[in-house]
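Trainee: Among the features that TrEMBL reports, compositional bias 'Basic and acidic residues' is placed at 161-170. The compositional bias 'Low complexity' annotation in TrEMBL covers 183-202. Taken from TrEMBL, the feature domain 'Acyl-CoA dehydrogenase/oxidase N-terminal' applies to 6-117. According to TrEMBL, the feature domain 'Acyl-CoA dehydrogenase/oxidase C-terminal' maps to 270-390. Annotation source TrEMBL lists region 'Disordered' at 146-241.
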Amino acid sequence: MRFLPTDEQRAFTRSLHTMLTAARPPAAARAWAAGDPAPGRAVWTGLAEAGVFALAVPENHGGLGPLPAELALAFVELGRHAVPGPVVETVAAAALLTALGDPAPAERLLPGIAAGEVMTTLRLPGTGPYALDADAATSVLVVDAAPAAPGPGSPGDDDSDVKGHADASEGAHGGGHARDSDSNSNSNSNSNSNSNRNSNRNGKGTGNGAGDASRPGPKATRPPTLRIAPGHGPVRASADPVRRLSVPEGGGEVLAAGPGVAAAAAHAEDWARLATAAQALGTGLALLDRTVEHVGRRAQFGVPIGSFQAVKHRLADTLIALEFARPLVLGAAVTMARADIAAAKVAAGEAAYGAARTALQLHGAIGYTEELDLALWLRKARPLRDAWGTPTQCRAAVLRP
């Protein structure tokens with residue numbers, strides 16, 4: 001099956017490419033990483049005027065959509081031009097508000113998102129304690145899960161504060177240690193379960209009887225909530241300095257509560273994965289383009305290194321991976337099926353990461369320098385691969401019925 005853009009969609013992406021080329025997002029990205037969001041906000045305004053954020057907002061709230069296919073094409077261009085800011089989180093927030101079923105939060109925030117006046121970041125349960133670019137966002141939306149309220153003698157831990165951020169590679173504050181901790185907890189839990197079963201067989205176990213006063217009673221639950229965080233903690237170090245991570249503060253205004261929040265959060269996660277996959281695809285394409293240009297200029301033994309067979313093969317492998325990912329991303333935007341989106345996220349993320357490895361190897365020592373704009377895309381590849389679902393998590397989503 002082939003997913004080819006229409007003439008109108010091609011014209012839209014060409015106009016977006018022209019606009020972003022003139023806006024010079026790499027300069028805005030460097031300023032963003034240094035804590036100056038003003039150039040990035042100017043790019044944001046241009047994107048809003050082009051209708052990018054309106055693609056995720058329904059027409060009755062001032063938008064053009066929801067149009068996931070057009071949004072995916074737009075985000076390929078955003079990745080290709082290294083646009084800074086919580087672009088994924090803003091469209092995911094729009095999807096969440098649209099699916100919420102409560103008109104009040106949607107009427108309050110969606111028109112501003114479509115117009116580019118509201119820059120929103122979002123934290124969902126299970127994505128870790130961090131929100132992206134909360135220091136620059138005009139609103140920080142947080143969905144708190146429905147954890148069990150602590151019973152007698154048991155600590156109350158919010159799952160979202162324990163697991164690592166979805167950007168698993170982002171420094172010591174990433175999700176790697178949390179997953180190790182989770183696996184150790186699971187191992188200990190399994191061990192305790194086995195020992196309880198053994199002791200029950202011997203007649204010595206405590207069991208689950210109501211007469212056991214030493215065990216906590218049933219735990220009450222509270223509904224999931226959507227709130228606007230009143231602020232955020234300090235910005236943490238990140239593998240990609242343009243991706244500024246901080247922990248939203250507790251409390252704030254509650255916009256909605258109940259089971260509908262959980263369903264809307266799942267819908268928002270799908271949109272976030274799709275947009276991230278498209279952004280990763282654009283990042284990989286930009287890395288490939290810049291590498292092809294470099295190997296065509298760089299000469300050894302009197303000829304361009306791009307003429308060497310080993311270099312050609314490496315570039316061909318990179319191109320094939322990206323071109324295999326492209327129809328998966330566009331196809332997922334058409335079906336919006338969770339398994340399709342997860343498959344596209346895996347393919348695009350792995351292809352972008354492979355493009356980064358190829359670019360770094362073929363650029364040689366100059367690829368490590370800070371002055372070269374290539375670094376902006378190199379540092380995006382791995383966080384985008386892992387954000388909003390690591391390859392392992394997305395593969396599990398593909399296999400899940």
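Just so it is clear, glycine is given a Cβ too, placed from its N, Cα and C backbone atoms.
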Trainee: Mean pLDDT for the domain 'Acyl-CoA dehydrogenase/oxidase N-terminal' (6-117), rounded to an integer?
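Mentor: A mean pLDDT of 97 is what the model gives the domain 'Acyl-CoA dehydrogenase/oxidase N-terminal' (6-117).
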Trainee: What are the helix, strand and coil residue counts for the domain 'Acyl-CoA dehydrogenase/oxidase N-terminal' (6-117) according to DSSP?
Mentor: 84 helix, 2 strand, 26 coil
Trainee: Work out, from DSSP, the number of helix, strand and coil residues along the domain 'Acyl-CoA dehydrogenase/oxidase C-terminal' (270-390).
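Mentor: Helix/strand/coil tally for the domain 'Acyl-CoA dehydrogenase/oxidase C-terminal' (270-390): 102 helix, 4 strand, 15 coil.
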